[in-house]
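Working notes, structure below.
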């Protein structure tokens, strides 16, 4: 488990204190994929780099599997960092070294394996990320997605328990992003790695994360399971991210629906309820009529969900709304 206990970070810039992270406490369970989302300057990169002490905290404690990382001396920190892999937005590969040599670098620096053992480990890692045929190529000969796969293989070289991902997909096109996220999900599932990733894209969180923390101005303003936070956002920052990811403009929707009669509600379904014939059943039981104004079905990681915006008229509306609630469907009255 990764635990933050009242951790904060302040920089001294031009004689002034700039707070990048306000006192923060939260925990990440082992084997979890935890996402931090926020706009530029929200403090997410600072928080991520505090975990392996690329940044030094100004106060508080960071505890990993019972060990206080913030109290480690140089030798202890060196040992701890072998348990933490990291991948970066711009790959950080050495241009003069081959793919295999880039992956071997942390093993060579550790000095604990023979050359034959390193070669075997590198071959295993390149096979895992699908680059066995590219071992002798140089970074300049690779696509962006292939470079990031090399970065992932290198990060896994020392068999870490934790993988930190610093905007790992923001420099990639959508198709390549999807393939890299699928690889990270496979690594999490097969190796039981704890993954902490930061991003400014809600779609990245939705595809691979179990839990999410939303950051704004150095504060985690909302935290919870991805399904709860994504489908039922509470903080204005979270709501903006959701609206941006779904390309929703609420003011435009209000204008579009202004002429529509009846009550307007938004229903959110999760799991098997997404496919249940609930609307028809409720309409027959309560006599209401409905018009579908907007809708979508998608997945949050492996969980199907659906959202419908309805105009409801006639019949017993109160009974219909109670029926929706009883069916474990989240209902929001928009008008």
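Here the Cβ of each residue, glycine as well, is placed from N, Cα and C on the backbone.
Since we're looking at a predicted model, the values are computed, not measured.
What Swiss-Prot says about this one:
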- 2-242: domain 'ABC transporter' (DOMAIN)
- 38, 39, 40, 41, 42, 43, 44, 45: ATP binding site (BINDING)
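Long-range Cβ contacts of residue 38 (ATP binding site) within its own chain (separation 6+, distance under 8 Å): 44, 198, 200, 214, 215, 216, 237. Of the chain residues outside the ATP site list 38, 39, 40, 41, 42, 43, 44, 45, 198, 200, 215 have their Cβ within 8 Å of the site's Cβ mean position. Taking the binding-site residues 41, 43 in turn and counting surrounding C-beta atoms within 10 angstroms, the largest count is reached at 43. The local packing around residue 45 (ATP binding site), expressed as other Cβ atoms within 10 Å of its Cβ over all shown chains, amounts to 20. Summary for the binding-site residues 39, 42: the Cβ-based neighbour count within 10 Å is maximal at 42. Per-residue pLDDT, averaged across the domain 'ABC transporter' (2-242), gives 93. By a simple count of nearby Cβ atoms, those within 10 Å, the most crowded of the binding-site residues 40, 44 is 44.
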